[in-house]
């Protein structure tokens, strides 16, 4: 249709600068290539009438003659001379009215020169390939280089003398001949290649603009006729003497012929030629077309297009490091590029010139189009591309990979197919020219058929499948249009060809001399330059080709010329007989379209659903080639008559009659935009048995009955008589016996094949009445009959609005394998409807009185509800068509009524009531509404400003934002390009919104909330709030909504608005998750209904696809959700993601419910974050079906996490996507994260950044502006770009299972670069939500970079960021951890405390280096030293606890959401700490396995970062003696803590280090069986130890007797809220009184240095304990290291020596119990015997040396000494293996040290002597033994 070229008047369409350039390779060597010199015919239309135009903007203006008479009455003679000059050859004038007065001759000659400089521009550009020559000629004209202009009759000559500064010097003689306002030939002496040179242009412009300055003379023959004989002789002799050299030979030859006695031609012909008198009456007046130059230029252009083009990368990054776009994005670009890009540009510009020539009724249109067509068909590459693209299964063969290698040729192939389709569209318009004679139409038909055969021939030489020939539409749309008669369809007096013209036209064609060897008719199109020729002008404008060209019809057998009804010549029988009811049924005879024995012409065409090949059951059938083959998806269609009556013409003998919907009018578009991607419609039919895989019938190939083939009358009024189909697309049925009559007419050679290829043509006149009228309207508009076209389009527009197309999708069959819904018919109807709407808009908007109707048509098109397209190419085309309609709508001025309509639509969008079924979202409509209501600056000035109201902008904004939040109902796996298109439209709308409101942060937040789908659980980083979905199990029979319909909802999903009861209960969408919110507000769903949609529904309701979820996800959570609504920008930090989140794999199709997380279930080392698993929430995973998926069942039972920590079972909904390949990379449920979505949002982020002003990296080398204005990007937009980029990274991680192990990502480097540029705001956002987006090393690196900034706020934010990654210390290297600790220390002590706690917490799962932990311990000690003086009031707020034991500190933002308590969760078991005595019965404290069942208390901080107030720090036990509790649950009501009783050291059960008490990692959970077992605490005999707190808690009994004075501050332990104690099982517990009585007496006196200690501030004491605790953890980590043969294992001073000794000092400072605990830890962690010995000796020194033997008997100390002795034995054996003489001294010293170690135990010396004996027997040399013996002899301990 005309849509592509609708914007001609603005000059926007055909300059290639405005079209999309995907690669700039065409510019690389533009000047140097010979092919590039053509410049692609740019500039053939003036872009805008500016001061450069001589006409100032009148488009050429009239001639000087008109100007002279401005304001005067123009005489009738002048007016008549002008009309005669335009329409009638001067020779005819002379013959009809002899003699013509000379003055009248001069006036006719004066008006015969063209008046419009645009014509000169066009033909100059055509000849030269660009407008450069025209511009130079215009320059010469302005410089007054045209001298001595002279017009003699119809001949204009002058001398052009370029000024001295113009390079070519000298004068040029220019001559131009013209006739009937057309330049018919031109010549110049400059010798330029093209005839339309600069000088010719200068002369023409001079004649147009300075007509009065041209000397005007009568034709030479007129002047000669007035001379006497003497004057004639003088004239001849003077002429010869003036130019003797040039003229004399010719003059002598003419004299010889004249004087010859024989009958020479010059003597026998009457009269003589006169070049100045104009052409003869037999000559056709056509503009001079420089064909040879034009043909050469077209060849060069096509050659360059077909050849390989270089791909130029501007930098290495773009080639190697940038991520390749995913297939969906690549395919979208590949398919959109030919629609928008227009390549090759030169050919498209020529095609646009052809279209403009049609409009001007320039008879060169057809010759130019013919040259183009011939040249294109000579390139087999072009025909091969065209053929392959149009016959490929989905009409989109785009491989869609990177667009570099294969993608490049794909783009070229699609561009080529688009170009060829546009050519066919133009040929269709050429044959539909209302003024075309039937004879000429038949000639064109023959030529078109030959071209079709030529394409097929070229293809056969290639490697294409022969079986697809009939699928290839090629020229058939144009051939079908040849069978059309204006006289019958839509006669227009004075416009359409009438019988009075016919006789002249035929005589004319016979009279034309033909050029030998011409293969092409030059005058394919008769001239139609008069506005309305009258039937009574016989000699006026000859209609047939001129003398230079030969008719197309020569040598073609008449049988191939098509049906004869087009001609009135005798002997041609009409082949169309009237069927019942007036329907014409075309017998397949004429036009060679019959097929012997065929079931209606065996034309085949593949119809495919998107990218699907033929259905398998069709492929199993077989059928001979001539039988009727039906569409692949025929059986899935619904709504056709079950058994149509047999047609009288067809006996109905061959099985069931087949009936077909009307073909789409793919070729009726007037603009190249709407050429059909694959003009084949789907055939809906009950196919005959058997079908070859390739033989799918295309509908427009089938010789079918008229639109009224079912017996429908052709007129619209009679249409209701048949009720089989209620839309325009009627059913056709064919039979096998139609082709019998056609065989006799077959012509020889090749005719059979042609007959085969053209079998099934459907003549245009057999279409429905409205289709025929559309074709008429397009032809009228294309050929310049705008008033007639306008009248017709009004009628068509009203009909379209009154009878909208039916786009409902039929439900799939209830049974059988093929339950895939076919949307082929609906897709074709939709694309044709949009084509028609665009055409109607174009025509109607030309007249102000039709603007309202145009507006209604445009809105109708934008509101069209269609299903997803059946092929990828059509999906892209439909989206492009919508955008074109929107662009056309924006040009229409809107009045009050239109504005009220816009407000109404905006309201509906905002409220979500616009549509009830939307796989395709109305985003174009929303964009248009936004433009109209919110962005008045984008509207044309013609808009009615008075129609605005104050609330318009807010309404438009809310409607646009609501549209952004809509969600489609189709999955990316089934319709990837629809999802891609939806994303792109959303991105464009969001971009417009963000730019418009870039200074309004509240609006920007709303935009981003909808665009980034922050209410959806699937798309945001997995935080704890995601686990608390209240969805419950739904019926298992819920069907997947992947296609748009279900058995109970034929065609459309049932709307579930707040008012419609339907089968679902109110609130039934509560579990649907954050589905398409469509503007629904919270009031639509009662919050109190947490059940899911299908709960309690009847079974049929369960099968009904649910409507799009109309509630935001926070409502979907119901009242139990506890969802705190925190988005990315919220101040509180959401909790971290669970460990499995890192490996989300959204492509696993079977896990589609909330209860079946799509996670790869490999436990990551330590996970990335401590997840507070709470008490096993309902939906503990992110669902692949995501709770925002429409119609997918969010079936997650309220499973409870078991006591083992909520390890989740992989529950799969069986049979949900049966047979689907799990390795598919696109999600099978709507609105899921996908690779394509991630790519899109990254690109959007970069676009927003560019719109914000670009980042600094793009302007490194630009000079800073001196204006001092705003520097750098717009901050708000920059932040938006950052958030979008972060969101994209999150999506990317969702679909990249191994993202946590990445080492480099260009996306991450972009994010970090922007964060550095934005500053603290971006870092704050990252602190909130980096987990799920970045890996801990990436965050640590960014924090480190940011800490070096000058801005203190940024440094502070960098420290916060560093702190936030320390809980993942196991994923960081020591340098990163050290740097993060330094950053926190630089801020303040509180942050350092948090950092230390975070590292310790991370270390409990392993993976943190001991060196790091020692560093943390030193930091704690540094804090102790800072606060030892008691000045800790500043940190009171951070460490104080509320009465309930809940930490009220700064981590409140990290906790679980409030109110998550409840009685329904599993009890958490705490380790049993039963204390037993060996010989005496001691009361046992059993910390049992059941907890208080009271209501839980919500706590607002993360247990992971709580100060370590759990039991273990104060229990003097060895690191492994406490088991670790499962996930924290309820804090208990406060009660006195039980004391822990010391027992002898006989039992050493291997438990878990107490440090694990605070951990929440799922993998470190104690199973229930272990949790209930009793564990002993072996403690040396000493005073009772109570569980000590860090600070006082009111309301608790305080123990007054403590073992160490250091602890005497009267504080009670604040038990970690998650670590609750059970009731004490066992009644006789005297220790629970306020004055505990010692159970064991005879303890050691306290260490000397502690007996006199001063009272210490409890805060500093807390730091001291923490330092000790972390040091002990480091010791444990040392022991966990692999016991390999590393040299450091037995080193005298390994790296950790100083740290271990420092820790011993710390233990001694705390008390003897801590020293004993240290000894146990050291025995396990230290490997070096030398260090162990030093520890033993130093410990003995620190304890009182007087009681050394008592100490040595202590179990912990004894264990340490034994470990030291074992280490010496291992060391000696190790050294003996690798000993060399050089090492003897060292070895002897080691033996000496070992002896002193063995002396510490009674049995030690025996062991030592055994070692010596072994040494003596070893293979070492005697010398070594002698030295050892000597040393032992002199040894004195």
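A Cβ is built for glycine as well, from the same backbone N, Cα and C atoms used for every other residue.
When 405, 942, 1267 are compared in Swiss-Prot, the phosphoserine annotation sits on 1267.
In summary, of the candidate residues 36, 1099, 1489, 1619, the record from Swiss-Prot lists phosphoserine for 36, whereas the others have no such entry there. Between the listed ranges 782-802, 803-823, 824-844, Swiss-Prot ties the annotation region 'Disordered' to 803-823. The phosphothreonine entry in Swiss-Prot, when matched to the candidates 698, 871, 1139, corresponds to 1139.
Cross-referencing 613, 657, 1160 with Swiss-Prot, the residue annotated as phosphoserine turns out to be 1160. Long-range contacts of the zinc finger (172-208) within its own chain (CB-CB distance under 8 A, at least 6 residues past either end) are made by residues 54, 60-61, 63, 85-90, 111-117, 119-120, 123-124, 126-128, 133-134, 136-138, 140-141, 145-146, 149, 151, 154-161, 214, 275, 278-279, 283, 285-288, 290, 293, 529. Predicted-model confidence for the zinc finger (172-208) is 87, expressed as mean pLDDT.
Within 10 Å of the C-beta of residue 437 (phosphoserine) we count 23 further C-beta atoms, all protein chains included. Shown for the zinc finger (172-208): DSSP residue counts in helix, strand and coil, namely 11 helix, 15 strand, 11 coil. In the three-state DSSP scheme, residue 437 (phosphoserine) is classed as coil.
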